[in-house]
Each structure stands twice: as structure tokens, then as C-alpha cells.
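K.L.:
Not my notes, these are from Swiss-Prot:
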BINDING   Arg48  NADP(+) binding site
BINDING   Arg126, Ser127, Ser128, Gly269, Lys302, Pro303, Val304, Pro305, Ser306, Asn328  FMN binding site
Amino acid sequence: MGANSFGRFFTLTTFGESRSAGVGAVIDGCPAGIPLCADDIQKELNRRKPGSSGPFSTKRNEDDICEILSGVFEGRTLGSPIAVLVRNKETSSKDYENLKDVYRPGHADYSYDLKYGHRDYRGGGRSSGRETIGRLIGGAVAKKMLEAFAIKDGKKTIEVQVRAEEIAGIKTSLPLKEDEALPEPIFEKLSALASNGDSAGCILSCSVLNVSEGLGSPVFGKLDAVLSQALMSIGAVKGIEIGGGFYSASITGSENNDISKNFSGGILGGISCNMDYPLNLNHENGRKDENTCQIDFRIAVKPVPSIKMNQASFNKKGEKCMLSVGGNHDICLFPRIVPVVEAMCYLVLADAFLVSKIERF
């Protein structure tokens, strides 16, 4: 199966299936000498670990302990491929025996069978959310690399902020952090959905702070294009808008060009930049200081497709049937999806940073 790798110079390859012996990642292109230890990766894994994100997350029994197999020695990267493994505890197929010949609606069961003619039906196999563990591993390494270069260059470190602005169709009064308690209306809505064997989606607002200007490679390596690809590759993400997004289509050119706003989302012509002159003008010399920029975007996350409610579908013979998906599953992917979104941002920026070093003397 192709397309399991991401990046040009800083590359991530993920491996493993939902119920295989393990999942993990191989990162290549990370420079030597970057401080890195297992704890740097583990703290990110703990944020998406099953059962650790409140009453509406999956109760699947997994420890999600990372093992660094190569590429790191005495707390620093070697410049060689970094291989990291997370072993799966739950590898039994008992919850999926009744589904091996039936296609679950909203899943990749049918499309994988259609394309490959052979698939791992246990928990979705390669299309499972367990695949995102490899992304967290890569994102953790990318984050450490960007931090190291920021410290070396005397710059602020990049910070990715992901908040929920809508859950289960209910808007939050203020963007909700992953560790904040759910507002009562949302909690009650999710509780009702869980009781009915149903699930919910969410809309996330995201800001990436302290991004160096000049990242991105026109025309097919535009930063917003690569960022969109990275985020849309997350299985549950079904939409993205950068900056003003669809709102930009409803305003005038003069409004959209207003440099006191950030309708561009911090990216123009596919290159990260900050045209917010009034806020960044150096009044002593009358020029805009060389600065960082802020990338703003929103993403739509679909409802979890594994639900206990009876649904109509069909089997391999093309016969209609009704099915209910058992096992342990999330009711909503917030907040467990937050570190996954962050990881993809760090991967995109780490790669763009390395690419930028060879694009200009």
C-alpha cells in the first residue's frame, strides 16, 4: 500500500493496524543533535490515550507506551531514521467476527475491499484511528526540532492552539480547550447520544503562533495547500477553511484586503507572512519589523461512525442487512483529536522549515 509517508525532507512513515501487534512511525530527515527522549513522545501519546479524555472517549484497554528503537542516542538524535513502536494490547478479533463480511456505513470497509480486494476487518485495520499514534510520534519529533532551532536562533517557539467552537451542533460561548469541562448543554447532548448508541462531530478553531515568515513553496508546495492535505489526511476531518475561508466569498475585495485583519490566515501566495502592519510597525524607523506570523484555520470533524444504533448496510454478496457496531468507541473525537491536529501542523512546519533552508542563500 502506497501513500503511507508524508513530507519532502522531514518525512514521516506510519505503520500498523488497529489490531496488529503494534503501530508506530519512522521519521527521517531530522537533523542530528536535537534533544529527544521517550518522555517527549509519551506525553503526546497520553493526550490521545483511550479512556483518558473523559466519559465520552473509548474505553479500549491500551497502555500506549512508546519504544524508541533507533535514531536516538544519549538523549539526542543521530540524524539517522528514528523508529518508534507502540505495542497494541487489544488484538482480539472477537468484536469484529460478525462484521468481516459486512460493510459498516461511514467506514472504509467497502472502499478498502473495492480497492485492494483484501483487508483487515478487525477494527478498521489500517483506516483505524490507531494510525494517528504514528502521527503523534512524528509530530513530537517535529516539535522538538522546531524548538531547538528557535532556541538556537533566539526566536519564540511555535505554539499550536486548538479549541472546540462547536460540539454536537452546539456552539460554545468561548473556544473550549481540551482539558476544560464540557458546558452542561453539550454534556447532556453527548450523554443522550451515548444512551441512544449514537455519536457526534465537532468544529475546531486552530491558530499556529510564532510561525517564521517565508515558509511554503509555490506553486504546488504552497503552505496552505500542504497544510490542507495534512489535515484532510486525518480520517475524521471532512472540511477545512484557512483565514476568512468561505466568509471571504461574501465580502468585498477592500474588506478582504484589510491588513488590520487576518483574512489570509497568515498565508499569501502559499507563503507564510504577516501583513498586519499597524500592529508590527517599528515606529523608530517607520518599517515593519521582521516578525513571525499567525496561521488561522478551522476544521470540521465528522461524527464517529462506529455506533451501537442499528443501521442499514450491505454485505459482500450485495445483500441488504442491519447491523450494530459493538466494541469500545468514542462518542465524540474531541478532545482526543486535538493532539493529532497539532502533530500534523508541526510536521508541515518542520518540513517547510527545512525546505526553506535550501530555497534561498
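A Cβ is built for glycine as well, from the same backbone N, Cα and C atoms used for every other residue.
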K.L.:
Just to be sure I understand the packing, how many Cβ atoms besides its own are within 10 Å of the Cβ of Val304 (FMN binding site)?
P.N.:
22
K.L.:
Pop the Cα-Cα gap between Arg48 (NADP(+) binding site) and Ser128 (FMN binding site) into the table, whole Å please.
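P.N.:
Each residue's Cα considered, Ser128 (FMN binding site) and Arg48 (NADP(+) binding site) end up 14 Å apart.
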K.L.:
Let me know the largest Cα to Cα distance in Å among the FMN-binding residues Arg126, Ser127, Ser128, Gly269, Lys302, Pro303, Val304, Pro305, Ser306, Asn328, as an integer.
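P.N.:
Per the listed residues, the maximum Cα distance equals 44 Å.
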K.L.:
For Arg126 (FMN binding site), what is the secondary structure state per DSSP, taken as helix, strand or coil?
P.N.:
helix
K.L.:
Using C-alpha atoms only, work out the spacing between Lys302 (FMN binding site) and Arg48 (NADP(+) binding site) and round it to an integer in Å.
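P.N.:
Computed Cα spacing between Lys302 (FMN binding site) and Arg48 (NADP(+) binding site) is 17 Å.
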K.L.:
Which of Arg48, Arg126, Lys302 (the binding-site residues) has the most other Cβ atoms within 10 Å?
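P.N.:
It comes out as Arg48.
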